[in-house]
Amino acid sequence: MPSYTVTVATGSQWFAGTDDYIYLSLLGSAGCSEKHLLDKPFYNDFERGAVDSYDVTVDEELGEIQLVKIEKRKYWLHDDWYLKYITLKTPHGDYIEFPCYRWLTGDGEVLLRDGRAKLARDDQIHILKQHRRKELETRQKQYRWMEWNPGFPLSIDAKCHKDLPRDIQFDSEKGVDFVLNYSKAMENLFINRFMHMFQSSWNDFADFEKIFVKISNTISERVMNHWQEDLMFGYQFLNGCNPVLIRRCTELPEKLPVTTEMVECSLERQLSLEQEVQQGNIFIVDFELLDGIDANKTDPCTLQFLAAPICLLYKNLANKIVPIAIQLNQIPGDENPIFLPSDAKYDWLLAKIWVRSSDFHVHQTITHLLRTHLVSEVFGIAMYRQLPAVHPIFKLLVAHVRFTIAINTKAREQLICECGLFDKANATGGGGHVQMVQRAMKDLTYASLCFPEAIKARGMESKEDIPYYFYRDDGLLVWEAIRMFTAEVVGIYYESDQVVEEDLELQDFLNDVYVYGMRGRKSSGFPKSVKSREQLSEYLTVVIFTASAQHAAVNFGQLFLGMYPEEHFIEKPVKEAMARFRKNLEAIVSVIAERNKKKQLPYYYLSPDRIPNSVAI
């Protein structure tokens with residue numbers, strides 16, 4: 001009688017093990033086995049982190065194993081179980097891997113295919129076609145689109161974290177980590193003790209030090225010591241937490257009536273302001289998005305204010321960027337003066353503080369929330385709805401949307417909801433942040449998420465002209481490494497452009513992103529379909545870069561791009577591509593580390609060893 005050796009790996013996260021009954025059935029091309037209870041006498045099976053093996057004897061030859069069915073049935077009380085994978089040693093000595101990486105809840109069951117990635121056209125057997133179709137039908141019922149606020153990208157249809165499908169909820173360990181990080185952030189910022197400082201007037205610049213007293217690292221300490229200086233102010237637009245707004249000024253806007261005479265003391269080349277513009281030495285940051293946004297009125301005893309500044313910057317002879325003029329609102333006039341470095345010390349300093357305040361609001365709500373978190377959630381929901389687990393693009397992307405939907409749901413519960421942290425601590429709370437996202441959607445385009453194009457669109461691509469823009473330099477290295485990797489993976493599974501065009505599951509994924517994420521806006525430039533391997537590679541690079549590198553750059557994450565602890569791919573060519581990807585990333589780490597040795601203020605946020613795979617890891 002044929003005998004199979006079945007190896008079962010249980011997850012290592014908290015509460016991943018189970019005491020429930022686990023049954024296995026084998027479905028082969030020549031027949032199906034009976035249901036076998038996986039149980040060893042006097043042994044505690046399926047403990048957290050365990051890898052257990054069982055001998056399963058069948059009555060007759062089953063042929064090629066097409067599916068493995070795992071059933072979990074209640075022993076005493078329902079006990080969730082996280083199954084990592086199953087491997088099968090056949091009577092002929094062959095090994096077959098069946099990745100799972102999902103939870104079985106209640107009296108749950110799952111049908112697993114072997115780990116080889118397959119496009120729909122590769123499945124010719126009815127049972128596999130049926131399995132593929134049923135998986136997507138089930139997922140589309142679980143992963144439903146919802147409009148959280150008008151004009152936002154659609155999000156997951158869940159009011160709170162516990163309403164999410166179990167497979168995308170934080171596991172207990174990650175959930176505790178989220179709570180601890182949230183509490184730690186509040187503790188570091190003394191939110192409870194110093195909340196009155198946010199909702200009342202400040203008496204002294206030294207109050208800043210009271211807030212940041214518990215934050216200690218090289219960068220924060222240097223910023224705290226030099227934040228009042230023009231050089232630090234300019235540097236932060238290049239390499240701070242929001243390095244995506246500064247652009248080369250090609251023409252002075254009429255709404256900023258600054259003249260050569262006003263800024264003459266800041267210009268070092270004996271040229272007029274217009275000549276400096278022509279030579280590419282003038283840069284601008286315009287916070288027009290904030291114009292007319294309602295300030296926070298949630299506390300009737302506190303008046304809060306917003307500005308919509310325009311800041312003009314200059315590249316001096318040392319190639320450093322410094323501010324030379326600030327107008328705090330959009331419409332010029334006597335009530336809206338232009339502040340200059342030649343003004344009284346604190347007038348100029350307060351003008352810069354208003355700019356930095358506006359930068360904070362755009363950073364948190366648009367650069368960070370909308371353009372990394374909410375966009376990545378769109379990619380994640382579309383992926384779960386339209387790509388089965390056997391699809392190579394699902395296997396490629398799943399690590400890059402891990403916990404993204406969960407952390408965004410938590411944010412809608414605790415941070416950006418009514419009476420959440422935004423309402424308590426931000427001048428855009430009470431609805432202003434919602435207005436900002438609604439406005440910013442018009443600028444959320446596919447091209448703006450393509451890193452090289454976004455840099456070029458702002459006129460910031462020249463390393464010779466702008467030598468200290470490390471966000472650009474490191475970002476381009478990481479973008480290219482990801483693009484090379486995605487091109488390799490695409491080349492393995494798509495032998496021609498025609499195969500890409502005929503992959504209906506892939507095209508449905510892209511269409512879901514366009515219709516629901518981008519709300520069907522043609523002006524977004526998001527493709528409803530792709531027709532070539534090159535286009536697909538670029539699209540996948542956008543998804544991965546946005547969720548990993550771009551989020552790290554604007555959120556200061558720390559972990560490991562290119563490391564895939566869940567082995568969804570089993571094919572040797574893909575594993576070799578992953579190894580080359582990691583090697584390229586390691587080379588980038590070395591380049592960045594070598595450069596940073598010579599810097600008093602190092603930039604390492606886009607060093608791959610500090611980039612998380614997704615926005616939530």
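Heads up, the Cβ atoms here are built off N, Cα and C, so glycines get one too.
Quick look at what TrEMBL lists:
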DOMAIN    2-118  domain 'PLAT'
BINDING   Gly17, Asp79, Asp80  Ca(2+) 1 binding site
BINDING   Asp39  Ca(2+) 2 binding site
SITE      Trp103  site 'Essential for stabilizing binding to COTL1'
DOMAIN    118-564  domain 'Lipoxygenase'
BINDING   His368, His373, His551, Ile617  Fe cation binding site
DOMAIN    565-617  domain 'Lipoxygenase'
For the domain 'Lipoxygenase' (565-617), mean pLDDT (0 to 100): 87
Candidate with sparsest Cβ neighbourhood (10 Å radius) among His368, His373, His551, the listed binding-site residues: His368
Between His368 (Fe cation binding site) and Asp39 (Ca(2+) 2 binding site), the C-alpha gap once rounded to whole angstrom: 49
Cα-Cα distance linking Gly17 (Ca(2+) 1 binding site) and the residue listed as 'Ca(2+) 2 binding site', given in Å to the nearest integer: 14
For Gly17 (Ca(2+) 1 binding site), the one of Trp103, His373, His551 that lies nearest, given that the recorded positions are compared by Cα: Trp103
Binding-site residues: Asp39, Asp79, Asp80 - member with fewest neighbouring CB atoms within 10 Å: Asp39
Spatial neighbour of Trp103 (site 'Essential for stabilizing binding to COTL1') that is closest, considering only the binding-site residues Asp79, Asp80, His373 and their CA atoms: Asp80
Pairwise Cα distance for His551 (Fe cation binding site)/Asp80 (Ca(2+) 1 binding site) [Å, integer]: 32
Cβ packing number for Trp103 (site 'Essential for stabilizing binding to COTL1'), 10 Å threshold: 21
DSSP-derived helix, strand and coil totals, residue by residue, for the domain 'Lipoxygenase' (565-617): 28 helix, 1 strand, 24 coil
Rounded to the nearest Å - Cα separation of His373 (Fe cation binding site) and Asp80 (Ca(2+) 1 binding site): 29
Beyond the site residues Gly17, Asp79, Asp80: chain residues whose C-beta lies within 8 Å of the centroid, for Ca(2+) 1: Phe15, Ala16, Thr18, Asp19, Asp20, Phe46, Trp81, Tyr82
DSSP-derived helix, strand and coil totals, residue by residue, for the domain 'PLAT' (2-118): 0 helix, 59 strand, 58 coil
